[in-house]
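Engineer: One structure, as structure tokens, below. Some questions next.
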Amino acid sequence: MSSGSRSFFTPQETRLELPQGAAHQTPDITRPASPSENDRAPFLNGGPSDAREDVRMGAKALRNDSEKPAVGIMALAPILCYCAASITMTVVNKFTVSGRGFNMNLLVLLIQSTVGVTCVWIAERAGLIQLRGLNAKDAWNWMPLSIMLVFVIWTGSKALQYLNISVYTIFKNLTIILIAYGEVMWFGGRVTRIVLCSFLFMVLSSVIAAWSDISNVFAIGNLSMPHTPDSIMGGMAKDPITGALFPAFDPLKTEKDAINAQLQSASANDVIEGFQGYGLLSSGYVWMALNCICSATYVLLMRKRIKVTGFKDWDTMFYNNFLSIPVLLLMSFLVEDWSYANLHKNFPDDKQTKLISAIVFSGACAILISYTTAWCIRATSSTTYSMVGALNKLPVALSGMVFFHDPPVTFSSVSAIAVGFFAGLVYAFGKNKQAEAAKLGGHASANGSSSMSGSKDGSSLPMHTFNDRKD
């Protein structure tokens, strides 16, 4: 994953070669305009920024889109690695929590966070990355975010436990809508027509994905148990001649058994008492709704906190995982059953090694996703990365059908995935157009400021003043 013998995270030395005689010439010290808030918004929302140089990620890790090489064969490696890492992470998590009666989700997250901290610490000790040292002030400022992240990953694992991967992936898009309108209310963001159109497609795909459960609600509500004649009420009938009892034949027994099974299955998934039989209120959808709310809250809070702390990518990952360990440990002891019987139920002897290995591997996958994300942006561009993220939702959703055969391949499931995939493409296109418009506006204002400062004195160099900074 590195190029030659040089690590991706190692800073590269930048030299400026001056032409002969350049020392006697007046240098052009025009300073480019500072990035606007819209330019920095993608990074603050958890996505990539368009241009960023930092010793922690390599001096030339992330360059301007105009300096990026054209997407070709060399860019396939980071793109494929990013897609493979995200798909693997989802599939392994689904395998881990989908066991019969599994209820130790917080313990799984505790192990994953410990593995993540260990991997980052090893990379820092090996000199691959640089981390900010632990201090009480940063820990105190970041603790609310770590607690919120615990709820994000906990509710996400519970939703993934009860829902199939396709429905989970489709409903995860609704988080984007909450974040967008949260930015409108608190950060002065705006939603363009193209982005709004993508939101409508996201909602439509979610309705299609949940249509089977919605239909089940009306079907169960209209169920009526066939009447059983009094003569065979107890399952026995009496011979009118001898008076002897014999097993009665009920011609509606098959239909009754099917109705009872449907009612029992729907009631078993209810999380709210008093709504037995209504599959729409199953715990999977409740956990998914909570996950969307927690995820949006986490992203919006991080946008404020990251300005206060000045964290970089690896600092954020390290603090998130490190500070979440005591929170996960406390919540696991308070909420989950740590008895020997329950631990043996969740980690049976015949699957114990496989489950623990999968949990450790999924913790390492989180690090791999962060690395491949930066690699993909470095090798291509932030625009290409956003499109890859939208395209990647299709194989992630299809992975549930391939590995777990859930949901079955039906017109409804395929339509939901297709509409959700199209919604992601429209959203990525709309955000890219919005970013381009913001860049054009920034360049126009920069050129205007340069011409105004240069018009004061024809012999002076056009420069921006410090008051021109937007940050």
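Even glycines carry a Cβ here, placed using N, Cα and C.
What Swiss-Prot lists as compositional bias 'Polar residues' is 1-13. For 442-460, the entry in Swiss-Prot reads compositional bias 'Low complexity'. Residues annotated as N-linked glycosylation site in Swiss-Prot, with sequence analysis given as evidence: Asn164, Asn222. According to Swiss-Prot, the feature region 'Disordered' maps to 1-52, 442-471. Annotation comment: Swiss-Prot describes 1-70, 123-139, 188-193, 301-315, 376-383, 430-471 as topological domain 'Cytoplasmic'. According to Swiss-Prot, the feature topological domain 'Lumenal' maps to 92-101, 161-166, 215-279, 337-354, 405-408, an assignment based on similarity to another entry. Per Swiss-Prot, the feature transmembrane segment maps to 71-91, 102-122, 140-160, 167-187, 194-214, 280-300, 316-336, 355-375, 384-404, 409-429; the stated evidence is sequence analysis.
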Engineer: Hey, would you say the transmembrane segment (140-160) packs against the transmembrane segment (280-300), going by three or more CB pairs under 8 A that are 6+ residues apart?
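Structural biologist: Counting Cβ pairs under 8 Å, at least 3, so yes.
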Engineer: Compute the average pLDDT of the predicted model within the topological domain 'Cytoplasmic' (1-70).
Structural biologist: 43
Engineer: Would you count the other CB atoms within 10 A of the CB of Asn164 (N-linked glycosylation site), including those on all shown protein chains?
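Structural biologist: Counting Cβ neighbours of Asn164 (N-linked glycosylation site) within 10 Å gives 21.
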Engineer: For the transmembrane segment (280-300), name the stretch out of 102-122, 194-214, 316-336 with the most CB-CB pairs under 8 Å.
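Structural biologist: When the Cβ pairs under 8 Å are tallied, 194-214 comes out ahead.
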Engineer: The transmembrane segment (194-214): which same-chain residues, six or more beyond its ends, come within Cβ distance under 8 Å?
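Structural biologist: Answer is 166-167, 170-171, 173-174, 176-177, 180, 279-280, 282, 285, 407, 412-413, 415-417, 419-420, 422-424, 426-427, 429-431, 433-434.
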Engineer: Kindly assign Asn164 (N-linked glycosylation site) to one of the three DSSP-derived states: helix, strand or coil.
Structural biologist: coil
Engineer: What same-chain residues lie close to the transmembrane segment (316-336): Cβ under 8 Å, and 6 or more beyond its ends?
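Structural biologist: Same-chain contacts beyond the flanks: 103-107, 109-110, 113-114, 116-117, 120-121, 131, 134, 138-139, 142-143, 145-147, 149-150, 154, 302, 306, 342, 366-367, 370.
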Engineer: Should anything in the same chain at least six residues away from the topological domain 'Lumenal' (337-354) have a Cβ under 8 Å from its Cβ atoms, list it; otherwise answer none.
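Structural biologist: 99, 101-104.
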